[in-house]
Amino acid sequence: MPGIDNCKVSEDPLLVQELIDLVKDDGAGAISTFLGTTRNVFEDKQVKTLSYEGYVPMAEKMLYQIIAEAREKWSLINCAIHHKIGEVPVGETSVIVVVSSKHRRASLEACHFLIDELKARVPIWKKEIFVDGTAIWKENCHC
């Protein structure tokens, strides 16, 4: 029986506990999470905020596709990926990936796969805005 898949790209605040509650299941022995947050320094420059833009309909479609690919590789129960667009100041969360499965290895490996594929393929772009007023657009890359 297919589980719950929930993907969202929006300006709404990201609430990790809400997503954990969404993927919880009595059959799950593991829930793995990844939170991407804005760090304060990039290449020795003080970061003020990140600004994300995206093609939302295509981004959400791609997120569901990536989850489908993860389901082919691992036995997963429920999956959720939410990405914030707009301003994300230092210390705040820009992306949350949450996966539940019967066993920890599947959820951990799937969580890693999902964030890597999101970064490589989903049409969301990031601009680093520095304290000194300068800014640079960052390319998505498979890390």
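Placement of Cβ uses the backbone N, Cα and C atoms for every residue, glycine included.
Listed in TrEMBL:
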type	residues	note
BINDING	H103, R104, K119, K126, K127, E128	substrate binding site
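Distribution of TrEMBL features across the structure.
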residue : record                 : DSSP (3 states)
H103    : substrate binding site : coil
K119    : substrate binding site : helix
K126    : substrate binding site : strand
Cβ neighbour count (within 10 Å, all chains shown) around K126 (substrate binding site): 19
Those binding-site residues listed as H103, R104, K119, K127, and which of them has the most Cβ atoms within 10 Å of its own Cβ: K119
E128 (substrate binding site): tally of other CB atoms within 10 A of its CB: 19
Among H103, R104, K119, K126, K127, E128, the record's substrate binders - longest CA distance, Å: 37
